[in-house]
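Structure first, then comments.
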Amino acid sequence: MAFSTRLASSLRPALAALHRAAPRQCRGLSTRQGSEPSLNLGGIFPPLATPFSPTQEVDYAQLEGNLRRYASIPFRGLVVLGSNGEYPYLAPRERVEVVSCVRRALPRDRLLLAGSGCESTQATIELTVSMAEAGADVALVVTPCYYRGAMTTAALVHHYTEVGDASPIPVVLYSVPANTGLDLPMEAVITLAQHPNIIGIKDSGGDITRMGLMVHKTRQEDFQVLAGSAGFLLASYAVGASGGVCALANVLGDSLCQLDHLCRKGQWQEARDLQHRLIEPNTAVTRWFGIPGLKKAMEWFGYYGGPCRAPLAPLSPAQVEELRRTFSANGWL
């Protein structure tokens, strides 16, 4: 049995008891007194693209180079191994190595969220423990979806409760229906928000009514809602979201942080003007052209994008030109 498997099994009862008996203790961070959250997720998190070499191996030197460039941007932290990190295409060993690499380069005052969601509860727990060992501050756990017809509210609540009980680090739920075909049900979110080790959700669905209702229904809990895309960041803040995990921050990180700043200062006209200029570029690197488009745009702004892993294919010349026109038309190139 792997070390992390044994560790998960041995820690699980103790951690569950600890969370029940002392929910205000978690990695040395105190939970909110009144309105203060245990771990403040407010701000912008880029979900890092994973750099690959021309032979499609993880290129750690290029990853470190991108991290050096991101160090000057006032991100709250980084997300590793989200959808934009080509998480499903990395072997378990690579996933842990990527987290270790980022942790070594990341200042301790910046949070590291690491994707650890797997299809089974057992595998999710084991990988979550491994991510904690590698230095992650928070586990980002995507909804299991292969048997989506069986993923009822009860099944998902059970899954996330087991993960939350066993995890040595706080857990953020991750709902990305464009990739999973499954929205984490509102009833499940409200129930799970009461768990002392589940501290938030990244919601990428773009339903602002749903996000506002999440904020409203969990307002008495130590729970934060993160917008999962730059295209609806301002609207998310308007209904109470705490921050954003935005693919476009890999490219226009300073501008996303500026939008965050304007919203927090209540400078809504300036925020709206900036949000408008971000909508089409964001759509281009998410819905239209996906990760190949994101990586191509990164190269125009001084970062290493490089190839994707097959079967993701590079953009055609016509697609590259359309992507460039989108950024240019909004004043970014």
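Glycine too: its Cβ is placed from the backbone N, Cα and C atoms.
What TrEMBL says about this one:
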ACT_SITE  Tyr174  active site, proton donor/acceptor
ACT_SITE  Lys202  active site, schiff-base intermediate with substrate
BINDING   Val245  pyruvate binding site
Other CB atoms, at most 10 A from the CB of Lys202 (active site, schiff-base intermediate with substrate): 27
Surrounding CB atoms that lie within 10 Å of the CB of Val245 (pyruvate binding site), all protein chains: 29
Tyr174 (active site, proton donor/acceptor) versus the residue listed as 'pyruvate binding site' - Cα distance in angstrom: 11
Count of other CB atoms lying within 10 Å of the CB belonging to Tyr174 (active site, proton donor/acceptor): 28
